[in-house]
Amino acid sequence: MVLKAFFPTCCASADSGLLVGRWVPEQNSAVVLAVVHFPFIPIQVKELLAQVQKVSQVHVAVLGTWCHRQQEPKESLGHFLEGLGAIFSHDPWLQLCRERGTRFWSCKAYHQVSTTPDKSIEDQVMLIFYDQRKVLLSWLHPPTVLPDCQAGDTTASAGGLADIFDTVARSEVLFQNNQFDEGPVRLSHWQSEGVEASILVELTKQASGPVCLLLASLLSLLSAVSACRLWKLWPLSFIRRKLSTCEQLQHRLKHLSLIFSTQKAQSPTQLMKKANMLVSVLIDVALGLLLLSWLHNNNRIGQLANALVPVADVSGFGLCHISASTCQVCLSPGAGVGSFQLPELWEYGERVAEELQHLLQWLMGAPAGLKMNRALDQVLGRFFLYHIHLWISYIHLMSPFIEHILWHVGLSACLGMTVALSILSDIIALLTFHIYCFYVYGARLYCLKIYGLSSLWRLFRGKKWNVLRQRVDSCSYDLDQLFIGTLLFTILVFLLPTTALYYLVFTLLRLLVVTVQGMIHLLVDLINSLPLYSLGLRLCRPYRLAAGVKFRVLEQEAGRPLRLLMQINPLPYNRVVHTYRLPSCGCHPKHSWGSLCRKLFFGELIYPWRQREDKQD
């Protein structure tokens with residue numbers, strides 16, 4: 001049987017001594033953690049190993065001897081090292097030796113025979129070098145099972161590597177002793193030249209406790225205020241569910257409560273989650289401060305207010321401007337909003353408003369040569385024109401306060417870019433509320449006619465919809481019912497083109513608004529859920545996120561032990577994002593394209609991108 005000995009590369013030039021590590025019988029492997037140097041007292045070595053085993057819960061023992069002949073004096077210690085097996089008994093007993101003046105190594109492993117204690121059996125040894133620091137700091141992720149691989153084989157191999165990584169990680173207390181300590185035992189490991197430390201890091205650790213306790217108490221107070229029963233009253237609860245800003249603030253409050261929690265992370269996953277949340281919040285606030293400084297330079301908030309009043313005045317008109325162009329209505333091109341002065345914007349708004357009136361007049365006539373129902377056409381056209389007049393009056397009433405509102409809204413960018421984007425989404429929803437009303441009116445009327453026609457079509461076939469059993473059953477109708485059904489079916493069929501045309505126009509406008517809001521929410525969810533710390537760790541220190549290992553052959557000669565170098569395979573970027581992606585506050589629509597087309601065809605309402613609960617018509 002081949003015995004695998006994992007040897008740290010930092011100990012390759014260490015003086016002769018004892019090999020300290022853990023024996024893994026399931027994998028027939030020996031993991032060397034450190035080398036104990038002369039002079040030492042055996043009882044002190046055993047006491048040190050007992051203390052390490054008590055703290056780390058790892059069965060650490062003396063596995064064998066290490067002989068570095070390049071640094072030995074003329075009096076060889078080889079025979080002395082061979083005799084240490086009687087003091088530190090371990091089965092198997094390893095003997096590693098580095099040849100003097102050559103690059104060759106000798107590796108032997110002896111098993112004691114129970115029947116004849118004086119005799120021993122030598123096993124073949126495979127020497128595997130590993131970087132102790134990288135293995136200690138890395139976290140091995142479970143591998144993905146490939147279609148052509150057996151799940152049992154994958155689990156077994158992953159379990160063997162996990163034992164190696166877990167042994168090194170849990171034995172960190174052994175690496176706290178270095179050559180500057182005045183202890184009775186001198187060790188060689190990756191920190192034997194001195195324990196890595198930083199004064200700033202230590203001061204931060206000492207100050208983090210009181211700061212986290214203070215912030216946690218403040219955040220708990222805010223959470224108690226947000227959970228007050230006053231917010232559950234009807235108007236406030238309705239507004240809280242509909243506004244994206246409230247959802248984003250509540251989401252960030254949960255993140256901050258978890259970040260500044262005084263409870264210690266129980267696993268590397270929780271620690272990585274906290275770090276990702278902290279980096280996400282810091283980058284979000286930094287982007288918000290950049291946006292705030294940009295808005296307050298050169299009075300951009302005043303320019304935005306001057307541009308927003310006429311644009312909001314015709315926010316539906318600009319969208320209808322696009323729809324009118326598709327209906328062969330000639331519109332004059334316009335420049336960007338930022339290049340207009342206020343009188344030019346009002347002139348542009350009036351021009352677009354005129355084009356909207358032309359569009360409605362075109363719909364109230366014979367659009368594209370279609371013969372519409374004139375009475376219904378006139379009623380719908382005047383109805384929408386009256387709503388537009390009400391919206392213009394409302395915007396004119398709010399225009400003196402727009403700049404002050406925007407100035408206070410701009411200050412909210414210090415809470416983060418996501419809060420500013422959520423406020424922008426809410427502003428778009430408020431400024432296009434009349435478009436939503438038009439869409440709801442047209443969709444409800446169109447849906448009523450579609451379902452009425454489908455019900456009357458079942459009447460002609462002698463069928464009806466069973467509401468209790470949710471199925472179509474047979475039914476017999478008398479002559480009067482068939483006559484009334486024929487009249488209603490004829491009326492609905494001839495009124496359907498007029499209703500469908502208005503529904504089509506305002507559905508396109510609604511879809512355009514929902515698309516803009518969806519892009520904003522996608523950007524917010526990207527900032528909220530992207531694991532930026534994990535991605536930065538994967539970019540700067542790939543070995544910290546390990547997907548597995550690979551072995552490179554160092555020496556393979558007849559009569560010599562096989563020497564391999566274990567290297568860490570970093571986790572792919574797509575798995576980093578998939579594994580450490582943070583939960584998002586947005587609820588993405590679960591409808592497929594087929595379901596969306598079905599809703600549009602039957603006139604069912606298309607709700608906004610973000611929704612906290614399922615809506616029912």
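From the backbone N, Cα and C atoms, a Cβ is placed for every residue, glycine too.
Predicted, not measured: the structure shown is a model, and the values here were computed from it.
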What range among 379-397, 436-454 does TrEMBL record as transmembrane segment?
379-397
What range among 11-35, 511-535 does TrEMBL record as transmembrane segment?
511-535
Against which stretches of its own chain does the transmembrane segment (481-505) lie, if we need a Cβ under 8 Å and a gap of at least six residues from its ends?
320, 323, 359, 363, 367, 370, 372-373, 376-377, 380, 384, 442-443, 445-446, 449, 452-453, 456-457, 459-460, 603
